[in-house]
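As structure tokens, the structure follows; a few thoughts come after it.
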Amino acid sequence: MRFLRSSDAIILAILAVAMIFIGLVNPAFWQMSNLFSLLKENVVIGIMALGVLLVMISGGIDVSFTAFAVAGMYLTVRAMVALDYNGLVLPFMSAILIGGLLGLMNAGIIHRFKMIPLIVTLGTASVVRGLVLGFVGTSNVNINKMPDALVEFGKTDLFTLERANGSTYGLTAMIVIYLGLALVLHLVLKHTMIGRSVYAYGADPEAAKRVGFSTGRTMIFVYVTAGALAGFAGLLHSSMIWLANPRDFVGLELDVIAAVVLGGASIFGGRGTVLGTVLGVFILVMIQNSLILMGIDTTWQRIVVGAMLIAAVTVTALRDRRALV
Amino acid sequence: MTSAPLIELRNISKRFGGVRALDDVSLSLDGARIHCLAGENGSGKSTLIKVVSGVYQPDEGEIFIDGQKVDRLDPVTSIAHGVQVIYQDFSLFPTLSVVENLTLNTFLREGKTRIDWTRARKMAREVLARLDVSLDLDATVETLPAAGRQIVAIARAMLADARLIIMDEPTTTLTGREVERLFRIVRDLQADGIATLFVSHKMREMLEISERLTVFRNGKKVTEGPISEFDERAITRAMTGRDLHQGRFVAPNLAGRKPRLELRNVSVGDKARDINLTLMPGEIVGLSGLIGAGRKAIAQAIFGLRQDMSGEMLVDGVPVTPKSVPEAIAAGLAYVPEDRLSEGLFLTRSIRDNAIVSSMERFAPHLWLDAEKAGAETRKMFAEMAISAPGIDVPVGTLSGGNAQRVMIGRWLMTQARVLILNGPTVGVDVGSKEQIHGIIQELTRKSDLAVLMISDDLPELAANCNRVLCITEGRIMGELSGETLTEEALDSALSREIEGETA
Amino acid sequence: MNDTNSTVTRPGLRTLVKGETAQTNLMLAVVCILVLISMTALRPTMFLSSYNFESMAFFMPELGILSIAMMIAMLTGGIDLSIVGVANLAGITAGTLFAAMAGDGGSGALGLGPVTLGVIVALLVGMAAGLLNGFLISVLKITPILATLGTGQVFIGMCLVLTGGPAIVGFPPGWNAIGNGKLLGIPVPLLIFVVICIALSVLLARTSFGLRLKLIGTNPKAAVYAGVKRGQMIFYSYMLTGGLAAMAGVLLSARTNAAKSDYGASYLLQAVLIAVLGGTNPAGGRGNVLGVALALISLTLLSSGFQMMRVSNHLIDFVWGGFLIGVIALNSWRSRKGS
């Protein structure tokens, strides 16, 4: 009963309506190959969105995660190329570590200088992108140079189906990683003290301190996790597209933030769920990718995303205003 | 008592810059007692709470808990000794559920890393049962009324194994019936061996609930004793340091004058009904009543801050229906809000900016701000209000409460307001400044033919400054006191009747 | 200062030497001079060449105007993340208009009239965009970050729809002159920038509009209680921001003789940085044009010096970001020391 009144249920309903609508306009939407490719598109944005969700629940906003993703991805891949290393575990750990350390920097600056997260993360994003492009390099690592292990890993499918013409398509196994991470984050947020401390801090930092939460530790958890997720997503992305581009993800911040807001998280903190975010990401990706199916020119994509974001925040603003009266 | 007191403070002093917030204060709190700490705003009550809860470290003095000297009392130690503070804002997490608000700090204290939701719900149910109240455990706290949030805060303190619960002005946002329920809960707590320290400036509550009373004034303990030794007059005298029935305000001869402000059958949403009110020039009319009786809603509606007013309103005989503050100002109305810091002042801006903000049209008819004229008029107001500050360019945030309030009132002097509504005119103002502000209000009223509507919880203030006081109960004017009948006792018994009426 | 008469001294003079704003400005001026000296020492012939200064004078104004626009939005405690979108939309609308007016003959024939019309249309586009932002923020009460994030996407999207993707080229010569011409030997963009700076400093420091914006930023609730028309003021401030962004768009498209949906994307961060660096409080209530101009000059000098020394362009991003964080740290340290 309670679920039906939650914002997650509303988002789910919107998603269902949108899917039915798109399917009516063009039944090709329901083809398995289309759905599989949609799910694949969800993975990287989704993992990043989990980090953004965490930051948003804590009452902040993060625009540095794409830069961290680039750092995690490009530094790791370049190191692999330079060392001629061809493994999986170590590179992913390295990407996570790079992202996490950069996140620690965010946490340190935000907590110590009590500065608005938006401004801080704008700064750190600039620093990190500048460092990567300025010191490490500006050229892509293409498929011919990409470590085989990464490429092979990105190709992993859960299962494959055959089209009528004999070509095959599959559901990427990366979706399992994404949903696994989402589940873990959900459990952490719901059932651990550190998870609840994020909500508490986002709801009222002063009250959180009075109750006895260590707010510094909460901030570190939030930003390190967000950074680590970004670093991981970055490397996963290059493994899925067989390319490491140090200029990647520019402008993606906005899409990811839009997805998280669409998923019902509040920019004022204390509100937001993993389920909502996963649904928000799916809606965003689905609509972005279905414009062609619906016969709309792709140049309209940004207008649609922007309009969706505005609509979502308008609804939230109206809801919050009603709650205040 | 033979055993050592729960908490004993000896010769505590605490300074902030040049201000002595606590001056050589000693206080002893026994277990399972209901103690009341009384004093006006700024008397040092809040500082004392923060010393006991370990938020502030005293500059001088010693603290003993259970007879043991504590060298450095920090929040964690204080909580470990069973001290729980319920602040006025309750310090709850609005977006989290009741069960979570209740149990989070217990889990935190136990050093848990995981949350056992089953146990959490059980704990929450038990503690609410002990309090004999029912709340939806899964509701988010933001959806609860103030009384419900207070219950959550008390229950949370109980779950933290409190031995002493300090409640800071716990009744300000409660209705009469809710106050009764709070008192019952406090007595139940006492039966369970939990002491309560009430911090209040409301007489009736102190007399009704507490066993022992300590009165603070200007950072010093003025008097202390069992409640039986006090009556209302004694408490007031101790709190304010002055006798009742000092000079009182007499309105000038009103014969033949036209009313400044008239309200005819005014209703404000569901907050106030059928208000009929006439304010003559040179009059100071008080509005007395409990919090939530509708006084603030009436004031805000007059000032164009609410859109749900019906009925007729006339200023100097001209019908006005202000839909916004600028319209109200243009009609000659002015409002000094209760919460000066959040609703009134621009703390980092200069006195001049704070003063001219509402009369800017005069200094900048076409965008261009005439700085000379604005400065000159501000200085005139500055002198008239006897503001003590280095100049009109200093930020208002550096002023004392009394001087800041003078800037607030001075702002409306500059709009040439004819009707001035004061909500809590001397809240947070020290005693000396208070009388001066009263003097200024009275003089302005006489001299400029202002009509003043004064909302206050401070009964002596109403008795001394108003020529009439209207008693508001549940959004209606239930009585009027004036002349000889206007005494503090009469005001007080009018309020008491209201409480009885509600609880009956 | 105990003498109340001392308050008679002109406020303009005093604020130059006292107060937080003045301290920040003084610091920025010192930074400018230090950068100038060190760059001169390192690369005297190149850095001090008139060519170098002239090229700065052409490209600095766009960013400067965007930074002032950002500062205006921040004064009321808001932010405008759509300024670059607005700038490009203004340039592209003007370009589309020129193409339509010129027909097959090419835009070379378009004279002063059409160019003036183009500028007016561009500015109107900017103000309309600001109107939309103002509506979302003051009527629908959407947080400025999210509202302008969304409208920014919409504006960039509209650019894409108008252009179909590639850049619009072929602006008339008169338009070109706005971005590349000189008047009395002074680059036109610089002239425009100086005029805007002076106009806005006066607007902010000497008019009721400026004071009201700062008061709203200082305490929005108290502003309403004091009779400031908050909604209306916020509307105006975002329209002003939008108009300024459009002006920057005019300069950008006039200088490069082209307009594209993703031009100047890096300007957004830089505008925020310069505004904050120039002493603007992102929480509202404080900000001044002089500080923003000084921050702009010091960062431009720094960038240009780095370019001279053949340091990678990307390291300049690094330095800018580092600068921003350094300033945050310094401000925090200073306010802690003060309290």
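Please read every residue number as a count from 1 along the shown chain.
Including glycine, each Cβ sits where the backbone N, Cα and C put it.
So that you can see what the record holds, here are the features copied from TrEMBL:
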TRANSMEM  C:26-44  transmembrane segment
TRANSMEM  C:56-76  transmembrane segment
TRANSMEM  C:83-103  transmembrane segment
TRANSMEM  C:115-140  transmembrane segment
TRANSMEM  C:152-171  transmembrane segment
TRANSMEM  C:183-205  transmembrane segment
TRANSMEM  C:233-252  transmembrane segment
TRANSMEM  C:264-282  transmembrane segment
TRANSMEM  C:289-309  transmembrane segment
TRANSMEM  C:315-333  transmembrane segment
Beyond a gap of at least 6 residues from its ends, the CB atoms lying under 8 Å from the transmembrane segment (C:264-282) belong to 20-21, 24-25, 28, 62-64, 66-71, 74-75, 77, 79, 81, 83-84, 87-88, 217, 248, 252, 288, 290-296, 299, 317, 320-321, 323-324, 327-328
Cβ-based contact of the transmembrane segment (C:183-205) with the transmembrane segment (C:233-252), 3 or more pairs under 8 Å: yes
By a Cβ-Cβ criterion of under 8 Å, what residues six or more beyond either terminus of the transmembrane segment (C:289-309) are in contact with it? 21, 24-25, 28-29, 31-32, 35-36, 38-39, 42-43, 46-47, 52, 55-56, 60, 63-64, 67-68, 71, 197, 200-201, 204, 270, 273-275, 277-280, 315-316, 319-320, 323
Residues of the same chain, at least six outside the transmembrane segment (C:115-140), with any C-beta under 8 angstroms of its C-beta? 78, 80, 82, 85-87, 89-91, 93-94, 97-98, 147-148, 150-151, 155, 172, 174-175, 178, 230-232, 234-247, 249-250
Hey, does the transmembrane segment (C:26-44) touch the transmembrane segment (C:233-252), meaning at least 3 C-beta pairs closer than 8 angstroms, sequence gap 6 or more? no
